[in-house]
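What TrEMBL records for 355 is active site, proton donor. Taken from TrEMBL, the feature active site applies to 386, 506.
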Ligand code: F6P
């Protein structure tokens, strides 16, 4: 069954939201708080170890009512059911979208073309577990009998960003293995990593769903050649493993059949860290922690699937984001984790959100005349405060932001934690209230400086306060954003699970690469042609 196909702007609720926007867009959130002392609790969802406060948004109960009506009118519930039942909701690629199956218990029943995929998933999970334990415990060694000390994940996009972000985020839970990530086709990247490695003690995990990606194959070949300077061909079986759907290409690369961890085309690259794509996560933090990551994501899946929309964290966050994107015309959203461990979180989300919802054609194939995917960016607080917060506070753009924090720190340093969380809370308070002219004058500021020191406030934020950063809570957090992506794609009536937009650049790059060493037969615009000639002349 196809996804519902409804132009959101033609719904009744959209029109109500448009009219409502006219009345609320000039209202300051300060007055909304002053009018209703229960506002914060009304607009807070507590679930498991998550405390999600969305009261610091330019919304009223009426806004939420219309947004929830919009969710109903675009048939969000039906769409969720279609996704979870394994229907081919990635219609342009003819695939199901079932990353949720990867984190479900063995007893679950997720079907693709009528076949339950859980047995296959659990076969691969057992293989990941066994392999992880053998490497971590030192039962599996390199070609000279030495224990592995280093892991190198070779992949790009979804085959890199998820594992890299999670390994970094969970470094507190890490074992003795050092994990490296090689992604860029820039040869300086792979060479800088190689510099640190001993071929006898390094395990290479080549991750590529298609096993055709230029960057990954170039890096894998460079590493293989480097490795073969010290070892012979037979040693490849001990040092190289691959994660892919393309078994034939993996074998052609020279990887032993036993060293292949399969994945499936119903797992999108940017949603694949839960599959064997997460092998480097499992190797870095141990299989139990990897399982806990999956367990957390599964809990969020259940919440998303079963909870009433008014109390459903991914749904509410998605609706609020649509409110700013389509009515306030906000172009970007910031994600600010108050945890250095989540240093790569915004970068990771950029692929998930922008590759999924960066579309301008609706599900009928017609051009869209409303805004879709938001631009996502961010850095951890408090660093971000000393970098770009000035613009959020006093710039001309409206930038809704998610603030993510953890009530407990992992190293139990109360002094630092109190300072961190005081900043976390202070920033959303400052963004809400701003600072009036009267406040500035009361501080004794000279009249001439007053305009520069006034903060308008009224800047929207969501606060996601989580008990502690753990594999499980991280799993929930990632899944929360995955479902938010889904909800927004449904509302915008676009296909979120293809990425044709990245193909054109790849094709042209191949053409230009060919022309570096061959007489040019294709025609370029004069700018590209001059640049190409310039490079050929000096390279
Ligand atoms: O660049 C687009 C893309 O297809 C992503 O969607 C994907 O995550 C990445 O390339 C890597 O693809 P693969 O895992 O097939 O090497």
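Cβ atoms are placed via backbone N, Cα and C, with glycine included.
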Rounded to the nearest Å - Cα separation of residue 506 (active site) and residue 386 (active site): 37
Which one is it: of the active-site residues 386, 506, which Cβ has the fewest other Cβ atoms within 10 Å in this structure? 386
Tell me the Cα distance separating residue 386 (active site) from residue 355 (active site, proton donor), rounded to the nearest angstrom. 29
